[in-house]
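Q: As listed in TrEMBL for this protein:
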COMPBIAS  659-670  compositional bias 'Basic and acidic residues'
DOMAIN    228-270  domain 'EGF-like'
DOMAIN    281-315  domain 'EGF-like'
DOMAIN    320-362  domain 'EGF-like'
DOMAIN    373-409  domain 'EGF-like'
DOMAIN    414-454  domain 'EGF-like'
DOMAIN    459-499  domain 'EGF-like'
DOMAIN    510-544  domain 'EGF-like'
REGION    651-670  region 'Disordered'
TRANSMEM  598-619  transmembrane segment
Amino acid sequence: MIYIYEESCRHVVCIVYTSNCDLRKLNLRFQTLKKMWAELCVFLLLVPNASGFGLQGTANMSEPPQKPEWSAQKVVDGNTDQETLTTCAIMDYSKAYKSVWWKVRLEKRFNVAYLEVYFRGSTSTRASGYYFYSYDSTEVFNPNSPDPNNLIYHHDPNSGCPTSIKNITVNRLAQEIVFINKRLTNYSSSCAGDDLTKTTVEICEVKVMGCNEDRYSSNRCDNRCNTKCKNRHCDAFNGSCIYGCADSNALTIDCIVCPDGQYISNKQCVPCPGHCVDGAPCDKLTGRCNNGCSNYWTGEYCETCLSGYYGNDCNTQCGKCAGNEMCDVNSGDCTGGCRGNWQVPKCNECKDRFYGYTGDCAGNCGHCKDNSICNKETGYCPGGCDSNFLGPLCQVCKPGFYDSTTSCLRRCGHCKNNATCDNASGHCTYGCEQHFEAPYCQVCEDGYYGEHCKTSCGNCSHMEVCDKQNGTCYHGCINHFKEPKCDVCEDGFFNRTCSALCGKCVNNEACDKETGECRNGCQLNFKPPLCHECQDGFYGITCNVTCGNCKNGQPCDKDTGECMNGCDSYVKPPLCKEIINSTFQEERRTDDDTPFNWSYVVIGILGILLTIAVAYIVYLKRQRPAVQHDKQKTSTQNYDNLTALKENHQYETMNSETNESHYQELPETV
């Protein structure tokens, strides 16, 4: 809720905290505040913010809180307790975030003076390196690329640990305040306890202090910005027109406009003091004659006669006499000699190898070709310059070279957009071509190498930088990358991180180091293109074992050989290679639900048959003379030939191998 109090403290905005919508309680609080303000005249706008639709805005953050009660709204609830966790917005530090943000968007634009930030006291070192940004109503916060023009504060992590309470000057029109912290690859810190690899949000309160957008004051918001200010926006502390003036002709932040012939002095318009050329008006900001003085007048404001001139209206110039003496009024000779590098007697010509009639011949001739003498008035070298110097003065280097103290022998680096470097320092003013290191742009940035710095370093161990000329990693590679450049996998490994093992390529060849494919095929019974698993119908570490008779011709498990969906009816699981007796297979099929062990039945029957056979043999021995012929006949007619039964078994042997598969090979997904 917002009240505008307009009695003894006019236009001061008060934010009244309410825990519910009880208007009677709210009115009582407002009456109490009116009495207090009548005496104290509270001065600044306190803009608390809450998550959702809060009192003055909406607060949220990039990641969820560690607990629901540690949400973004806690930063703007007015409670500055720095140790009670339920009063702070806290993310889960164990998540190892690389980049986080918290922001509050106010309901409208304010003239924000400063922020009061209260970090969690016991863990404030984790905030090292943080940034604060402010955004106007029409500006949009981009978490991936915040505009540096919106930056209001950055804590330098190499300057020590941040304080747990921080006042940050804003002095901007703003509707949104943003906190950001990042842990980039090259992040460094001198703060003990700061983690270089992860960051978080642990903020207990952010107070946004300021006035309505058209007001200011260092102690209360009862001053309106001057109407001379553009859009009536001004400095939050002193009211100066820092955003420009309503009158485009105004030249100062006080927005004073003077007529021609006057200039601003001590915030007032006063007459120009000197004599400008052609009667032109002086500069309205400085009072000086920007285009020079009239008729050899001189001085800062063209208010005195130029020393060294003689004749009517000071229009005849003396030579450069020593000691600033006047020349002879008749001959123009300097009786006491010349000053500087002028040539006697008239002191109106420079000595050899000097030039500059308007500067006491103070100019040294440049690097003229064949050591010739330059023009004494202009300094030009009539015969041209020495190599790599720029004419006509031959004092600075040609584009593409720098450092005249070394005869312009140094070449510029790789400046951005083929620009030339500064011909004195060699710095590339507008930056470097991509991946070259500023300011000289002559060597690669860390992480790149080659003549044009277009090749990224490989995966050097310990994140070390490779040689910027040839890309060599002098202290070795990350595991499984190949020296010396560490930019491809060692034989036997593949993928971007070289963490995957090659399969069983034919002749133990190395696989493709990007895809893992075996270009010339697999070892026997391995499945292309990766050759990591057996072809259908084979299993085992070397895929040299043939699968059994799995149900419906399905392939077995390629590691264990087991038929996961069961066997054909005449073989035993799980490998489906051992043949089951056909006599009892049908009985077992008809009584699947009976938990009976048929092996005991078979053993029992065989025992009975054996007993009968033994008894019969004893009987035959006793009756051999009489019934020899009949015994043979009876034996043939009454019993099965067990040997013949075994040899004429209807099932195929499980040890036979077949190279023909009943399944098509399905493409593998890597």
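Just so it is clear, glycine is given a Cβ too, placed from its N, Cα and C backbone atoms.
Quick one: how deep are these features, and who are their neighbours?
A: On the 0 to 100 pLDDT scale, the model's mean across the domain 'EGF-like' (228-270) is 91.
Residues 251-252, 258, 260-265, 270, 272-275, 321, 324, 326-327, 329, 332 of the same chain sit 6 or more residues outside the domain 'EGF-like' (281-315) yet have a Cβ under 8 Å from a Cβ within it.
Sequence-distant contacts of the domain 'EGF-like' (320-362) (same chain, six or more residues past either end, CB-CB distance under 8 Å): 307-308, 310, 373-379.
Panel annotation: around the domain 'EGF-like' (373-409), residues 349-350, 352-357, 361, 363-367, 420-426 of the same chain, lying at least six beyond its termini, place a Cβ under 8 Å from a Cβ of the stretch.
Sequence-remote contacts of a segment are chain residues at least 6 beyond its ends whose Cβ falls under 8 Å from one of its Cβ atoms, and for the domain 'EGF-like' (414-454) they are 186, 390, 396-404, 408, 465-471.
Residue counts of the domain 'EGF-like' (510-544) by helix, strand and coil are 0 helix, 5 strand, 30 coil (DSSP-based).
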Q: In the same chain, who gets a Cβ under 8 Å from the domain 'EGF-like' (459-499) while lying at least 6 residues past its ends?
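A: For the domain 'EGF-like' (459-499), the sequence-distant neighbours (Cβ-Cβ under 8 Å, at least 6 residues beyond its ends) are 185, 443-444, 446-450, 453, 510-516.
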